[in-house]
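Peer 1: Feature table excerpt (Swiss-Prot):
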| type | residues | note |
| --- | --- | --- |
| BINDING | Cys120, His162, His166 | Fe cation binding site |
| ACT_SITE | Glu163 | active site |
Amino acid sequence: MPSVFVQGRPTASYPPFAPEAGRGAVRRVTEVGEEVLHRPCRDVTEFGPDLAALIDDMFRTMYVAEGAGLAANQVGVDLRLFVYDCPDDEGVRHVGHLVNPVLDALDPAARRLLDEGEGCLSVPGAVMAVPRPDRAVVRGLDKDGVPLLVEGTGYFARCLAHETDHVNGHVYLDRLSGRERKAALRQSADRREEVFARRAANAAAFAA
């Protein structure tokens with residue numbers, strides 16, 4: 001089994017950070033409550049240098065914020081797009097981006113739900129148990145408009161489902177009870193200062 005998949009394809013070797021991050025700039029991460037996170041994003045219809053530059057910025061922002069995935073509306077851009085650099089439960093690394101992603105519906109009889117911890121860069125510092133299927137299949141396009149299919153299991157399946165939720169206008173708090181949502185927001189308030197200090201240090205390290 002290859003140790004790295006890039007854009008859903010096995011790759012012999014890959015650097016610690018996606019090359020896109022070296023070209024990108026850090027953008028502000030939007031937070032829960034901001035309108036752009038709570039409405040469905042627009043389809044990407046223009047493929048070109050502006051889209052490529054956005055992907056570069058998203059990779060750099062994701063690494064600085066210590067995320068496994070990042071959707072465009074998490075940097076304030078109302079487009080159906082996300083990037084990811086995420087391991088699965090077997091330790092295989094998955095890196096890439098998806099434009100106009102659509103999550104396949106799984107046969108309920110064949111799927112297994114995993115009720116495990118999940119966080120979000122737009123709810124800084126909070127982690128709550130969220131049930132998600134242990135497998136995900138997402139179809140979309142790459143930055144050049146070429147069709148892509150990406151499959152994930154375990155933690156990577158959770159990442160794919162989480163990021164597809166984002167472009168559909170949902171955050172993981174929407175999957176929690178009212179009491180759990182309040183607990184997550186309290187966690188975020190308590191840990192916010194620590195999270196933002198780490199992000200600032202990471203941004204400085206990337207710029208060095």
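Every residue gets a Cβ built from N, Cα and C, even glycine.
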Peer 1: Within the same chain, and leaving aside Cys120, His162, His166, name every residue whose CB is within 8 angstroms of the centroid of the CB atoms belonging to the recorded Fe cation site, in sequence order.
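Peer 2: Same chain, not in Cys120, His162, His166, Cβ within 8 Å: Gly69, Ala71, Gln74, Leu121, Ser122, Glu163, Asp165, Val171, Tyr172.
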Peer 1: Relative to the Cβ of the residue listed as 'active site', which residues of the same chain, six or more apart in sequence, are found under 8 Å away?
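Peer 2: Non-local contacts for the residue listed as 'active site': Gly69, Leu70, Ala71, Phe82, Tyr84, Leu98, Pro101.
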Peer 1: Counting only residues 6+ away in sequence within the same chain, which have a CB under 8 Å from the CB of His166 (Fe cation binding site)?
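Peer 2: In sequence order, the residues whose Cβ lies under 8 Å from that of His166 (Fe cation binding site) (at least 6 apart) are Leu37, Cys41, Ala71, Asn73, Gln74, Phe82.
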Peer 1: Sort His166 (Fe cation binding site) into helix, strand or coil using the DSSP assignment.
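Peer 2: The three-state answer is helix.
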Peer 1: How many neighbouring Cβ atoms, not counting its own, are there within 10 Å of the Cβ of Cys120 (Fe cation binding site)?
Peer 2: 29
Peer 1: Let me check the 10 A CB neighbour count of His162 (Fe cation binding site). How many other CB atoms are there?
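Peer 2: 25, counting other Cβ atoms within 10 Å of His162 (Fe cation binding site).
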